[in-house]
Every structure is written in structure tokens, then in C-alpha cells.
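These notes concern the structure reproduced below.
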Amino acid sequence: MEAFDKFKIWVLFICLICQLGHGFYLPGSYPHKYVVGDYLNVKVNSLTSIDTEMPFSYYSLPFCQPIEGVKDSAENLGELLMGDRIENSPYRFKTYTNESDIFLCQTKPLSGEEFKLLKERIDEMYQVNVMLDNLPAIRYTKKENYFLRWTGYPVGIKIQDVYYIFNHLKFTVLVHKYEEANVARVMGTGDGSEVISTVGKSGSETPGYIVVGFEIVPCSYQHNAGSVKNLKMYNKYPSPIKCDPTTVAMPIKENEPVAFTYEVTFVESDIKWPSRWDAYLKMEGAKVHWFSILNSLMVITFLAGIVLVIFLRTVRRDLTRYEELDKEAQAQMNEELSGWKLVVGDVFRAPSNPALLCVMVGDGVQILGMAVGTIMFAALGFMSPASRGTLITGMVFFYLILGIAAGYVAVRLWRTIFYGDHKGWVSVSWKVACFFPGISFVILTTLNFLLWGSHSTGAIPFSLFVILILLWFCISVPLTLVGGYFGAKAPHIEFPVRTNQIPREIPPQKYPSWLLVLGAGTLPFGTLFIELFFIMSSIWMGRVYYVFGFLLIVMILLVVVCAEVSLVLTYMHLCVEDWKWWWKSFFASGSVAIYIFLYSVNYLIFDLKSLSGPVSATLYLGYSLFMVLAIMLATGTVGFLSSFWFVHYLFSSVKLD
């Protein structure tokens, strides 16, 4: 009956979750209903380029500014860390009202510095990123009968040493009629808009529209200097503007102004609200992506299965062999045979630098927990591309609260190594709280100085630096100390055998043991190198990453393979009477980080060929080093903990004198 009651509780819980899913939209995806004539305000994000990987503010270039002044939109922690700077723009539309030849502004004559900066941004292939109702503008180009999708549009183009700017924008807004009673209608415009419920009023009100697509076509158009002289913002241009994306006509010249115009067309679409991000997610290579991931999963699962079967059969055979012998035969066997049984008095001898090992394992638990939690929530849709910045925010949140797990694991391992002695647990907890964050702080601060020197929006503002330090010392450090306290109070893991006072001499090996340890990282690397390509492309090539379900599967498989590789290597070292397995088990799986870093260098050379300048390359390698360090700690922790469990189980399962 007890089991049945638990089953009923779980069924009710699942039903409740399902009802919540039907009743509410996921964060960042709530539909806004606009009535005909309501203003739609376009926002702008940082200028980005795959050539430099350094974002810059939209208004760092001589573009038109809104009448009410430039205002920052509400940003979360993740947006700031990613270098997003979302601001209002002068572009505004009326819902379901087509407009053409709208004059925006004419800049002052370009100064020498502005002219030089515009040319640099065009040479560096900077893209202008605009968005409407949280949808980035998408641009379609046709190449060899294929339609390519791009987000944003280029600042300009260089043709035969002449620089042209795209100064006329043709917007197309796809809308879908929406008459649901439980959808809120947005009243007003800008950040001060109010959400008013329309429950019970749907029949009496004019049906509204929701934005389901936002397309853009940039054009370079030569305006008549006399025609724009007396025009004000949002006035109609006196003559029709023909937007032809295949030709350019507006060269930029020093001491000459640039006029900007735009047009907007509303098109009613069959696209439903839940499908409006499909155009961004169906990027090129999707079929190859899914096929490659599946192929990788099948191959690695097969290899891991073979390793596991061989491993279990070998260990079981040894255990059965020892258990079937009587005491006299065991004594004779101890004298005659070599193998893992002969290191019984040294296998649990404290490793070199035990505090560092405990700290790295504790930080690895914290990073691994953060990765699992973030990917699971992302796979459930709570951190979709529509929720800009939530992925990074979620990672920071999970990392902070998992400080308690890091402190607990590190201190308990410390006490286990020293047979229950709890002295020094506070020092270990402090080191756990400061080791990985401290290294990360040094790396990010160094890179931040480079970004500050380049005036990039990718630089973390000083105020955010202060906030991150406060989060570190006011949340992460106390939680790590609390975890360390519980680890000090928890019973330590008792070793099944006693350790001799004099260390046993390790026989000379035919090959360096560390060579095998470093080579072991190739198998875990094989589980993720295809997925790694798409992750790197989303970070450095501006593509949208969305297959978090596959990423979760790959991560689970990576954990399994890391555990198996570390177990096999630990067993091999014990069989040749090498009892120094602690650090080797950690780096057997942690060495995958070396191959990831080499892959990052390969990606820089062959895939980011356009990356220009030493600053850009330094930023890339610095962020790659930060990522590789986190992966080493996480995978190394998996290998060490699995090996520790195996060694403990192995020597507690066999009868030893």
C-alpha cells in the first residue's frame, strides 16, 4: 500500500506540472497582443562581427538617435556577461499599417574619425542587430538556388576601394491574428507599456495581432541633398525610394552627411506563436548535426559497452579466483603472484598534495552540478533563445547554490584521506571557494582589460564586476563553508584495509604511466567532439544553439565514458603494482580537456580564418582556456570518484589477511 500511495502522489504531481504547462507560457515567451494602430518600437543590440568577436555599441557609429534619447532596456546578468547592450531605436511602426519612404534623419557631416571608424567596421564585417518584440531581424540571401538565413544586416560593403553604407531599411513584419481570451494586450509603447487582461472581453474588442516574424532587407540609396534639407524625423520622403539590394549607391565620404530612411510592410502569416522561432533554429547543417550526433552516440555507446563487459568479466574472474582459495593457498599465492592484491597495504596511502586534490574534486562537483542543472532546464525549454541571457544567468545561479555540495564533498574527502581527522576543514573549504573562481577572475579580468582598451561592449562594466565579487563572497563562499561544516560533521569513509608504514616500491614499468593517462582522454573526447563543433559555432559564429536535449544525452554519455576509462586505467595500474592511482584516476578522464583545447586551436586556425588581430585571438584563447579548465575539473572529478568507489569496493570484496 505504501508503494501504491507513493505512485498516486507522483501521478498527481505530474498532472499538476502538465496543467501548469498548459496554463502558462515559459519565461521570455509570453505573447503580446497589439491592436491595429498601436506603436511597435524596434530595439537595437550591439554590433557584432565574426571577424573580431568584439561587440560594440550601436550608437558608437553615426546612426540616427531617437528623439527621446538613448535608453538602455532592462537587462539581466546573462545579457551583460554576453556583451549584449539592448537600447531603444528611432525606428517605430504602427501595427498593421504599411508605410514607405519614411525619413529618419540626416547625420552631421562625417568627421575624419567617424569616417575612419565606419570604414574599419565595414572592413571587419560588422553586423547591425535590430529586434522587434524580442525577435531578431532575419535576412534572407539567395546563393546557388539556396536561401541562406542571417540575423542582422551588414553596416556596409566595400567595392573597388569605395565604401558604401546601407542607409535604407525595408522591414517586413509577419503578424498572426490572435483572439484568445487569456492573452494580455499591450497598452502603450516602450518600457512603460502596461499589460491589461482581456479575459471576458474578447468578443467586444477588435481582434489584435501578435508578431511572428521580422525580416529585413538593407539597401544603399543615394538621397537627394535638397530633398532632405527641411525634412523632420518620420516625415515622408518627397519621391519614391526603390530598394534594390543588388545595387549600392550611397558611398561614404569625409565631411559629407548620410541620410537614413526606412519602409515597413505588414503581412498576415499562418505561423503560430509557438513556431515563430523556427526560422532562426532551422539554420544550415541541421540534418548533418542530428545525423552526426546520433552516429557518435551509437559508436561511443558500442565502445563503452565493450569496455564495460571486458572490465566486469576481468574483475569478477579475479575476485572469484581469490575467494575460492583457502588460507594456505592464499599465502602461497601472495608469495608467487604479482598483481593488485600485493598493493593492499599501500592502495589507500594518502596521495601527494591531498589538499589540492580535495579542492579540485570539490570544484569539479560544483561545475558538474551546474552543467547538469543548466542543461536540464534548457532542455525543458526554460532557457530558450527567446529568453535572452537566461542561460548564463542560470549557470551563475546554479554555480552559486552548489557551493554547499563542493564544500561537503571536498571536506569529507579530506577527512577520509586522513582517517577522520577534521583538522584543517575550514582551510580546505576556503580553498574550494577560491580556487576555480580565483583562476576565472584572473583570466576574465585580463581579457576584460583588453576589451576595455578596445571600448567594446563585451567588457564587463565595473558595477557588474562589483556585483560578481559580492555574489562570490556573500553567497558562494558562505555556502561552501556551510557545506564544509556538514562534511566535517558527516562520518568519513572507512578504508577496508590498513596502510603499511613503509611504502612499497613500485616496479619499473615498460612505458611511462602518465603517457597512458594522457592518451585515455581520446575516448571521452570522441563522445563530444561533433557536438563541440556546433557549440563552438554558436559561440563564435553567431548561430543559435537549441538542441539541449541532445546535449543532455551527450553529457550523460560523457560521464559514463569518463567513469569507465578511469576505472580501466586504475585497474591496469593496480595490476602492475602501481598504487599511486589517486591523481592518475583524476587525469585519466580529465585529460580530455587537453584534446578540447587542441581542438579549439584547430577551430581557430581552420574555421575562424577571418579572425583578425592579436586582441581577438587572445580573447578566443583566453575564453577557451577558461572553458577547458572547467571541463577538466568536471570530467576529472567523475573519473576520480568512480575510481575511488571501485578501489574501495574491490578491496572490501575480497578476503585479505
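Note: Cβ is positioned from N, Cα and C throughout, glycine not excepted.
According to TrEMBL, the features are:
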type     : residues : note
SIGNAL   : 1-23     : signal peptide
TRANSMEM : 290-312  : transmembrane segment
TRANSMEM : 355-379  : transmembrane segment
TRANSMEM : 391-411  : transmembrane segment
TRANSMEM : 432-452  : transmembrane segment
TRANSMEM : 464-488  : transmembrane segment
TRANSMEM : 514-540  : transmembrane segment
TRANSMEM : 546-569  : transmembrane segment
TRANSMEM : 581-605  : transmembrane segment
TRANSMEM : 625-651  : transmembrane segment
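Among the stretches 464-488, 546-569, 625-651, the one making the largest number of Cβ pairs under 8 Å with the transmembrane segment (355-379) is 625-651. Outside the transmembrane segment (391-411) by six or more residues, the chain places 76-79, 81-82, 358-359, 361-363, 365-367, 369-370, 373-374, 377-378, 382-383, 422, 425, 428-429, 432-433, 471, 475-488, 490 with a CB less than 8 A from a CB of the stretch. Across the candidate stretches 432-452, 546-569, 581-605, 625-651, the maximum count of CB pairs under 8 A to the transmembrane segment (464-488) is reached by 432-452.
The listed stretches are 514-540, 546-569, 581-605, 625-651; of these, 625-651 has the most Cβ pairs under 8 Å to the transmembrane segment (432-452). Counting residues 6+ beyond its ends, the transmembrane segment (514-540) has Cβ neighbours under 8 Å at 50, 53, 285, 289, 292-293, 295-297, 299-300, 303, 547, 550-551, 554, 557-558, 561-562, 565-566, 569, 572, 584, 587-596, 599-600, 603, 607-608, 620, 635 in the same chain.
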